[in-house]
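Visitor: Relevant sequence annotations retrieved from TrEMBL are reproduced here:
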- B:51-414: domain 'Amino acid permease/ SLC12A' (DOMAIN)
- B:36-57: transmembrane segment (TRANSMEM)
- B:63-86: transmembrane segment (TRANSMEM)
- B:107-133: transmembrane segment (TRANSMEM)
- B:145-166: transmembrane segment (TRANSMEM)
- B:178-198: transmembrane segment (TRANSMEM)
- B:210-232: transmembrane segment (TRANSMEM)
- B:253-278: transmembrane segment (TRANSMEM)
- B:309-329: transmembrane segment (TRANSMEM)
- B:350-376: transmembrane segment (TRANSMEM)
- B:382-405: transmembrane segment (TRANSMEM)
- B:417-437: transmembrane segment (TRANSMEM)
- B:443-463: transmembrane segment (TRANSMEM)
Amino acid sequence: MSAAGSAAGLHARQPKAIHSALTVLEEVARCGAGITARQISDNLGLPRATAYRLLNVLVQDEYLVRTPDLSGFALGRKVVELANLVTPPTARPPEAVRAILDRLRGGIRGGIHLVRYEHDGLRVIDPDPDFPPSDRAVILARLDASAMGRLLVNERSRGAASAVLGQIHASGYASQVDEITAGYGCIAIPIRDRAGQLVAGLCLCAPRERIEHPDDLVAVLRRGAEELAPLLA
Amino acid sequence: MTALQRAIRHPEPVWGFADRSPVDGLDRRSLGFLDVLAQSVSAVAPSAAATTIPLLIASAGGAPVWALASGMLIALLVASTVNQFTKRIAATGSLYTFVSRGLGRTASFVTGVALLVGYGFISMFALAGAGYYLQILLGDRWPALSTPLAAGVLIVAMAVLCVLVLARGIRVSTRVTLLVESVSVLIILVLVGTLLYQNGSTVDWSVLSLAGSTPATFAVGAALALTAYVGFESASTLGVEARRPFATIPRAIFRTVIMAGLLYLVASFSQVVGFAGLGRGISSSTSPVNDLAAAYGIGGLGHLLDVSIAASFLACAIASITALVRVLFSMGREGLLPSAFGRTHARYRTPFVAVVVAVPVLTAALIVTIAISGGVWRAMEILIVGAAGGYLTAYMLACLAAPVFLQRIGELTVWPLMRAGAAAVLLSVVLVVYLVSESTTDRYPGVWVFLAVMLLGITLYLVRHLRRPWLRHMVGIYDVPVGADVLGAVDAFDTAPSRQADVPPRLGRPAAES
């Protein structure tokens, strides 16, 4: 369900439930992977049925995952995205980086954003002031929809195959069309450090035709990314 | 700093999550809620059932509206019990996998055979139905097409279409089926609206009276009514392909039962009222909806309805084969069937081999059934009995397995236990009543075919099991979170990704042995 849909379903009774849900997450973090539903309900003094229902909701939303034997729980990657969503934004990137970005923005029509990947999440550190990126909440709710998210998903998947990731392997960059805003799409070029670790991404958002036929745009962005790499890694 | 903050900043290494899921190869996490819902709705084929089941119930002496209401109640109990599994296990084997986690491998295998019978027979039924209605439609225009040979050709053509859609990818097949089913339901609602509007001021509520039914006819009616709901659980075969399986699949299953139930109640009520308005009984007609449409001056809609029912049958065939091949895929991965069944298409990421084997076998079996029984409609009557028997058996075993499963993972509470118990008792009554009552009608071959196929399947299992005793370690694979989903996961299996890591690595405390 979309972020707007779940927000609309929020009732006055729910703050208590949200509090309990966060307590459950905290407890899983404290005890470590493998803690069972019964242990959580005992530790927190929650009624069994309530604890089980909360756990199932958290599993549904992938903040928790069940361990392979189904009886235990571990924190899901999604808690990181939740955390990145609420932490304060970092300082703007250094002057040298902004100079390169300004030059790229001057030469290409479309929104150019710089994204940083850290703590297993993504953060837009220099959004294009003229074409602001889509709502961060939307991007984070479905990582596999945005080009910048797909780079991260690809990085995590360590070679597991799917149609979307196949495209990244083939072309060396991620792209999406129509997934977030109809008629528009996005290209994300990975920026890696010398060890090959994904540290940042250079994204171009533009109307659909330009994303589907990027021609020499990709080459320009790649050169930009190469210049940025030593400054960001 | 709280424990959660600490965990996010410096994730504790977590071992035991493999790099790949044992059901790797399908298009993992690609389907949204609508696609999952479409799978269940199409497998139920509510528009085809809403036009045929009320007549079946009335002919058996039951009261359609009440029977469908009690069928809905039982279906809701079953759905909520099946959802105890779907909230916790993402699998492609549906009830077959679920039962293995509760009652062990023998019960799981009986469930698997029953489920394959259910999906297989309903696929043949739906293919035959699509051919039957298409032949009626085309026969009006080109009388030369009204031969049995033409029916066979139409059925083969549609089977080929099914293979193409199924192999091409799961998203294509769910989108196509959703569109088809929505159009059919819309046409039925227009028809119902017209009927009720024309009867508006003179609705005779006494048509709902239960006078004249006995407990026996009521039970038979409820059993028949339940067959109108079967298939709702088939979304659970998309456990690997759904994007948020633990959220979307339970919701899709529950809503399918609710929506189908409401449609059945409205449709059966309007049919009963419509015939009462004409001064005759519903069972006096052989094609009640068409007769009603003609009698109320909207005969054109009747023809449109034939088109939509043919399409709905085709959608049902696609959805049922989708579910069938995913159960076969599971069995192939486990080694119960030849491992080729567990192979997927490299580009479309569908269980390609299972599709290519299953569809020709089903089509051939269907054509043989038609040839032996001497007619398409007659074959359909026999097949639907077998399908219903298969579904009801699988549901019953799943309801017995649910409390055991919950107990094993330490999450059993009172209400799920009560619902599972009630569902299991009601289902066993319904199954017995259904098989006994069907064996006294002219559809009796269906009962014998069902029992024979079940027996054959279980015999084959025992033979294979005696030859390969190690298989008992391989039953009930499901999708486990891979390292990419878990905070701080360590690549435990990087060097040797065991595709059939069935006995999952233990974490925390030792789990109950299955």
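All positions are counted from 1 along the displayed chain.
Any Cβ shown, glycine's included, is placed from N, Cα and C.
What TrEMBL says about a protein is an automatic prediction, not a curated fact.
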Visitor: The transmembrane segment (B:36-57): which same-chain residues, six or more beyond its ends, come within Cβ distance under 8 Å?
Guide: 63-64, 67-68, 122, 126, 129, 174-175, 177-178, 180-181, 184-185, 187-188, 221, 224-225, 227-235, 237-238, 242, 248-249, 251-253, 255-256, 259-260, 263-264, 267-268, 271-272, 282-283, 285, 288-289, 305, 308-309, 312-313, 315-316, 318-320, 322-323
Visitor: State the non-local partners of the transmembrane segment (B:63-86) in its own chain: residues 6+ outside its ends, Cβ under 8 Å from one of its Cβ atoms.
Guide: 53-54, 57, 95, 98, 101, 208, 210, 213, 218, 221-222, 224-226, 228-229, 232-233, 235-236, 239, 245-246, 249-250, 253-254, 256-258, 261, 264-265, 268-269, 271-272, 282, 395, 398-399, 402, 405-406, 416, 419-420, 422-423, 426-427, 430
Visitor: Quick check for me: are there 3+ Cβ pairs below 8 Å between the transmembrane segment (B:145-166) and the transmembrane segment (B:309-329), leaving out pairs under 6 residues apart?
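Guide: Per Cβ check, the transmembrane segment (B:145-166) touches the transmembrane segment (B:309-329).
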Visitor: Under a criterion of three or more Cβ pairs within a distance under 8 Å and sequence separation of at least 6, are the transmembrane segment (B:107-133) and the transmembrane segment (B:350-376) in contact?
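Guide: Touching, yes - the transmembrane segment (B:107-133) and the transmembrane segment (B:350-376) meet the threshold of 3 or more Cβ pairs under 8 Å.
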Visitor: Are the transmembrane segment (B:210-232) and the transmembrane segment (B:417-437) close, by which I mean at least 3 Cβ pairs under 8 Å that are 6+ residues apart in sequence?
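Guide: Yes, since the transmembrane segment (B:210-232) and the transmembrane segment (B:417-437) share at least 3 Cβ pairs closer than 8 Å, they count as touching.
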Visitor: Taking contact to mean 3 or more CB pairs closer than 8 A (sequence separation of 6 or more), are the transmembrane segment (B:309-329) and the transmembrane segment (B:350-376) in contact?
Guide: yes
